[in-house]
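Visitor: Quick one: the structure is below, questions incoming.
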Amino acid sequence: RLYQIPFGMPNCEDEAEARTLYLIGDFSAPAEFFVTLGVFSFLYSMAALVLYLRFHSLYTENTKLPFTDFCVTVCFAFFWLVAAAAWGKGLSDVKAATRPSTLISAMGVCQGDGVVCSAGTTPAFGLANISVVR
């Protein structure tokens, strides 16, 4: 939800107050899908672990239970691949929206003749990149 993040744009005319701009974009859906699927996968794996350890005889005697477990596991694997791809795309969109050159081009004060604007810092996305690789 980048549209909720304000940043100050300096106003170079007559020492006036800085204007507040907001980032553009809402990339929360892929992240929420990724996290939700992770939570459901964890809960399912805990339930399967209880089934394997506590009710082992039920699992071995019933022929449909292992097949159902296999099908659910395959579905989770597929949705995990989809969620990781969606989160990867969402992260690349966040990177594009917060790129310093993109932010500077959105500032009207930086468009004047002879005005040089530069970014103070570059966003760090190391941990976010690792989350996609996982």
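Every residue, even glycine, has its Cβ placed from backbone N, Cα and C.
Any TrEMBL annotation is an automated prediction that lacks curation.
Features from TrEMBL:
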- 1-134: domain 'MARVEL' (DOMAIN)
- 33-55: transmembrane segment (TRANSMEM)
- 67-87: transmembrane segment (TRANSMEM)
Visitor: Same chain only, please: residues at least 6 beyond the ends of the transmembrane segment (67-87) with a C-beta under 8 Å from a C-beta of the stretch. Say none if there are none.
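Guide: Contacts of the transmembrane segment (67-87) (Cβ under 8 Å, skipping residues fewer than 6 from its ends): 29-31, 33-34, 37-38, 40-41, 44, 48, 51, 131-132, 134.
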Visitor: What same-chain residues lie close to the transmembrane segment (33-55): Cβ under 8 Å, and 6 or more beyond its ends?
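Guide: Here the qualifying positions are 65, 69, 72, 76, 79-80, 83-84, 86-87, 131.
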Visitor: Using DSSP, how many residues of the domain 'MARVEL' (1-134) fall into helix, strand and coil, respectively?
Guide: 89 helix, 8 strand, 37 coil
